[in-house]
Amino acid sequence: MSRRSLSLWFPLLLLLLLPPTPSVLLADPGVPSPVNPCCYYPCQNQGVCVRFGLDNYQCDCTRTGYSGPNCTIPEIWTWLRNSLRPSPSFTHFLLTHGYWLWEFVNATFIREVLMRLVLTVRSNLIPSPPTYNSAHDYISWESFSNVSYYTRILPSVPKDCPTPMGTKGKKQLPDVQLLAQQLLLRREFIPAPQGTNILFAFFAQHFTHQFFKTSGKMGPGFTKALGHGVDLGHIYGDNLERQYHLRLFKDGKLKYQVLDGEVYPPSVEQASVLMRYPPGVPPERQMAVGQEVFGLLPGLMLFSTIWLREHNRVCDLLKEEHPTWDDEQLFQTTRLILIGETIKIVIEEYVQHLSGYFLQLKFDPELLFRAQFQYRNRIAMEFNHLYHWHPLMPNSFQVGSQEYSYEQFLFNTSMLVDYGVEALVDAFSRQRAGRIGGGRNFDYHVLHVAVDVIKESREMRLQPFNEYRKRFGLKPYTSFQELTGEKEMAAELEELYGDIDALEFYPGLLLEKCQPNSIFGESMIEMGAPFSLKGLLGNPICSPEYWKPSTFGGDVGFNLVNTASLKKLVCLNTKTCPYVSFRVPDYPGDDGSVLVRRSTEL
């Protein structure tokens, strides 16, 4: 072939190798027109459905690694990557078996390699900058710039679809009260299989309420936590006015009161902030903290007290190191140190416990310094819904020899002071929490929370559970029995929804069969982990500009962050050191070590 012929063929070959330009497609011809074609969720692999005219659509497959009318044809590298990637269930099996192998891995550089892989793979599943919100099912400047909104991972179900969940399922969703009573209400207490205790439950609730603060006035699509991450607004308040009321303005410290020789949060008489207590509770009995609802549970006020003491303790250490610093610098630097301590404890103890992994998780921001990573986070509505873990709550609360019902426990303003921090930490560390997944484990006192979440998801028109599984790289379930792993609940779900592709997001998470020896199912892990890790490592203190000793007041402050632990947090702020762990003491690994399941080891 001549050189001229080659020069003519080469451009043609290039054109053949390029993915075809998406064409505008007609909707399913079997359905009477006009039906919004995006109601069928035709675009796969994160392709974006764009409607044209009444019944035409086009899938935007840009940078998905796929092409074709519905983004289903993988590019060569995508195909190769998918072929080599292990399934989530196999990965989970590897990480939770072979204890002695992981002991070796954790002692070598392989731990950091795997940790970097975990962080990047998980975090890349979360779009940054944010994409959608409750008012905009398309990319908009408002979705990016207005931090009053929760972001959304998937756009809402189009309003003009044949059924509430798109095109599948019944014309009307099941009665939410009936759904909750049949499938979520506890028959008998099912304990968490990992030995999880209610100290873990209270830590989770206290920690997450700094960024889950849905606006009652503006609606469920809006948040009052404008920091969208770990900013400790639940300690310092979510606005400057509240913060100023809580500060002592001396040596960087927060206001406090001394009761029976111990430090506790101030009363609302001493710090004039709004706290939500029942009518009739006198102001001197209302403790003032950053989050206005923490008076609800003694467990929440317990952690508020511990973090208050930690803040003032760190202020003393910094004051000794930097006698020339003024109140403002002491306060601001201490806040950064406590943010670092929080992230350290959450990753290395809280998430470690949840995962059940033998891989020892590590908080080390430098692992991501060479990766493409955005140090900014936006809380998603789906993350907020996912994190309603009220099955953790027991039937009653045991403190010493005394058993408290919900009626006695809620808004109990004297329990914390009467027992003291040490006694409550010890008691909560010894009481089993409930299993989250698998269904039928909501105590009737908290069942209304599940009802409210489902109602909110319907108002916000969240897409079906299976669409979220696909969004996070999981295979959609093909039947209710595959979802639940048993026949009875599957039959009830079939009766209620009619189609597995019409199952709602939150019920799907709560009714999915649990992973072996796990507190919940595959979807909760595979969806929750990316949100969590992106939010934690996306914090500004983890960026190259912030992550250095000078940010934290020098080596003393930096060392506080790098050596933080749950036990230190409690025991450095109490006169005696109680039993403190996220696992009950009569469970294997109660000393904080990783649980060894010898019967199932490789």
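Don't overthink the numbers, they just go from 1 along the chain as shown.
In case you wondered, yes, glycine gets a Cβ from its N, Cα and C as well.
Noted in Swiss-Prot for the protein shown:
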SIGNAL    1-26  signal peptide
DOMAIN    34-72  domain 'EGF-like'
DISULFID  Cys38-Cys49  disulfide bond
DISULFID  Cys39-Cys161  disulfide bond
DISULFID  Cys43-Cys59  disulfide bond
DISULFID  Cys61-Cys71  disulfide bond
CARBOHYD  Asn70  N-linked glycosylation site
CARBOHYD  Asn106  N-linked glycosylation site
CARBOHYD  Asn146  N-linked glycosylation site
ACT_SITE  His209  active site, proton acceptor
ACT_SITE  Tyr387  active site, for cyclooxygenase activity
BINDING   His390  heme b binding site
SITE      Ser532  site 'Aspirin-acetylated serine'
DISULFID  Cys571-Cys577  disulfide bond
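Where Swiss-Prot records a feature, it is marked here on the structure.
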| residue | record | Cβ contacts under 8 Å, 6 or more apart |
| --- | --- | --- |
| Cys38 | disulfide bond | Cys49, Val50, Arg51, Tyr57, Pro158 |
| Cys39 | disulfide bond | Val157, Pro158, Asp160, Cys161, Pro162, Gly166, Thr167 |
| Cys43 | disulfide bond | Cys49, Cys59, Asp60, Cys61, Asn70, Cys71 |
| Asn106 | N-linked glycosylation site | Phe358, Leu359, Gln360 |
| His209 | active site, proton acceptor | His234, Gln291, Val293, Phe294, Leu300 |
| Cys571 | disulfide bond | Cys577, Pro578, Val580 |
(request) Between the residue listed as 'active site, for cyclooxygenase activity' and Asn146 (N-linked glycosylation site), find the distance joining the two CA atoms and give it rounded to the nearest Å. (result) 23
(message) Between the residue listed as 'heme b binding site' and Asn146 (N-linked glycosylation site), how many Å separate their Cα atoms?
(response) 30
(message) Using a Cβ cut-off under 8 Å and a sequence separation of 6 or more, which residues in the same chain sit near Ser532 (site 'Aspirin-acetylated serine')?
(response) Val346, Val351
(message) Is it possible to get the count of other C-beta atoms within 10 angstroms of the C-beta of Cys61 (disulfide bond)?
(response) 25
(request) Please spell out the DSSP helix, strand and coil residue counts for the domain 'EGF-like' (34-72). (result) 4 helix, 12 strand, 23 coil
(request) Find, for the listed disulfide-bonded residues Cys49, Cys59, Cys71, Cys161, Cys577, the residue with the lowest Cβ contact count at a 10 Å cut-off, counting only other Cβ atoms. (result) Cys577
(message) Please give me the CB contact count at 10 A for the residue listed as 'active site, for cyclooxygenase activity', counting all chains in the structure.
(response) 20
